[in-house]
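Swiss-Prot annotations:
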- His242: active site (ACT_SITE)
- Asp249: active site (ACT_SITE)
- Cys329: active site (ACT_SITE)
Amino acid sequence: MDKYTELVINKIPELGFVNLLSHIYQTVGLCSSIDISKFKTNCNGYVVERFDKSETAGKVSCVPISILMELVERGMLSKPDNSKSQLEVKTDLVNELISKNNGFEDIMTIPTSIPMKYFFKPVLKEKVSKAIDFSVMDIKGDDVSRMGIRYGENDKVVKIKIAPERDAWMTNTSIHQFLIPMCYGTEVIYIGQFNFNFMNRHAIYEKSSVFNKNTEVFKLKDRIRDNRSSRFIMFGFCYLHHWKCAIYDKNRDFICFYDSGGNNPNEFNHYRNFFFYSNSDGLNRNSYLSSLANENADIDILFNFFIDNYGVTAGCINVEVNQLLESECGMFTCLFMAVCCLNPPKGFKGIRKIYTYFKFLADKKVTMLKSILFNVGKMEFTIKEVDGEGMQQYKKMEKWCANTINILANKITSRVEDIIN
């Protein structure tokens, strides 16, 4: 809650102001980022950029011309006219492919060297939850705000019922369909989502034994074994009906956990090689007197599992709360793993940058990203611009940043020139 106190009491627009800080941190190399401009259409721009180096990349269709030429070589499409430009050839091939098949899903069943669906944003089957800017929420961030409006808090607040929206909960399928293409061709492999809710009803001292005997653990071991060639192994897991995730670096014997709900270091067992990342204090170990709470048993068990089975020598987890509402933990973990695909955490410096990215992320921005990173409309094989509510809100936020940057630049330049001159 600390990170929202000043924003809420002073009614600073959280989305614009925090987004501006995020840009500053990214520019000076203090945090990781994800380029939203690569999702302005129905394409996954990162995948297109990774595999399509032609002049037609991201034009006509998300699918590269090289993939379409595979279909020509197999006799599924007509040979192109060599006198035409690449763009004209691609247009002809796309139109022919559409005419010969019964819609988008039919085209996606055609086998190619890289699955064609990887170049498109996956369809969003879930609802986008209702969230608002925290600066207009009635959050009692300190003693003054708890004393009432007349003691300083602006009365411009919006009452919102904080309750889970089950229709907005991310399914394993949606997370899988987004992350598999994001990882494809990188040194990171996503091995799926794991359900550890079977431990929920057991006492803390029983959980480790129950965990090691469950078939879900054998599935985890099998998938790690099947992906020996990848440096980073990444997966999500659910415990007490809350989603978290982890990324394991095989080269450095290092595992990083992420929990959008935040963590209290005093509610974990103490290990000399397990660290807690706080935005204000950095990476630190907890007290020797700390004891494990039930809600953190999954992290404790997984850390020991990786020590015993894979020789992990260090681990870490975030401290700060990133998520206040109760519906989007799946989206938070999905986004964390996506950032890990783009910026794999090679040691503590790398994971610090990823955790810091989430310092500037809250429920409202996540809901915007949910409707931008996924396709909320009908799937089309041709390029379509995204103009939904999420993108409109995101553009509005970025315009606020652009205007504010110009104002700041002018004011700061004026002050500096007064000093220099």
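A Cβ is built for glycine as well, from the same backbone N, Cα and C atoms used for every other residue.
The DSSP secondary structure for Asp249 (active site) is strand.
Each residue contributes its Cα atom, and for Cys329 (active site) and His242 (active site) these two points are 7 Å apart. Its Cβ placed at the centre, His242 (active site) has 18 other Cβ atoms within 10 Å. Long-range C-beta contacts of Asp249 (active site), restricted to its own chain and to partners at least six residues apart, with a cutoff below 8 Å, comprise Arg231, Phe232, Ile255, Cys256, Pro344, Pro345, Lys346, Gly347.
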